[in-house]
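Features of the protein shown, as given by Swiss-Prot:
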- 1-21: signal peptide (SIGNAL)
- 23-114: domain 'Ig-like' (DOMAIN)
- Asn39: N-linked glycosylation site (CARBOHYD)
- Cys44-Cys111: disulfide bond (DISULFID)
- Asn45: N-linked glycosylation site (CARBOHYD)
Amino acid sequence: MKKHLTTFLVILWLYFYRGNGKNQVEQSPQSLIILEGKNCTLQCNYTVSPFSNLRWYKQDTGRGPVSLTIMTFSENTKSNGRYTATLDADTKQSSLHITASQLSDSASYICVVS
């Protein structure tokens, strides 16, 4: 009898909140558990104005954040390997889509708007 091992990925979702009056950045969900090989999408909503750029970072435990994408107001989609970021500047929303997740994707993901 064969044993099948299913690997679960735990994508820690860092809730980032920047609150100074009207400027806020919120991410959801706060954490996500998915099966290896599956796709997932992380969301970022912001009220930052004026808007210069939006960045997605990946931070492995015990390490500093690594930039995945930098998007400006005029960019709608940007890809970096299995990571695809979308930006809708009108609704002030961004998403990070991870395709064919791997164990190495287990990390914190941070959305930064400036």
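A Cβ is built for glycine as well, from the same backbone N, Cα and C atoms used for every other residue.
Features per Swiss-Prot, on structure.
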residue: Asn39; record: N-linked glycosylation site; Cβ within 10 Å: 12
residue: Cys44; record: disulfide bond; Cβ within 10 Å: 23
residue: Asn45; record: N-linked glycosylation site; Cβ within 10 Å: 16
residue: Cys111; record: disulfide bond; Cβ within 10 Å: 23
### Message
I need the CA-to-CA distance for Asn39 (N-linked glycosylation site) versus Asn45 (N-linked glycosylation site), whole Å please.
### Response
20
### Task
Please report how many Å separate the Cα atom of Cys111 (disulfide bond) from that of Asn45 (N-linked glycosylation site), as a whole number.
9
#### Entry: DSSP three-state assignment for Cys111 (disulfide bond)
strand
### Coarse DSSP state, helix versus strand versus coil, of Asn45 (N-linked glycosylation site)
strand
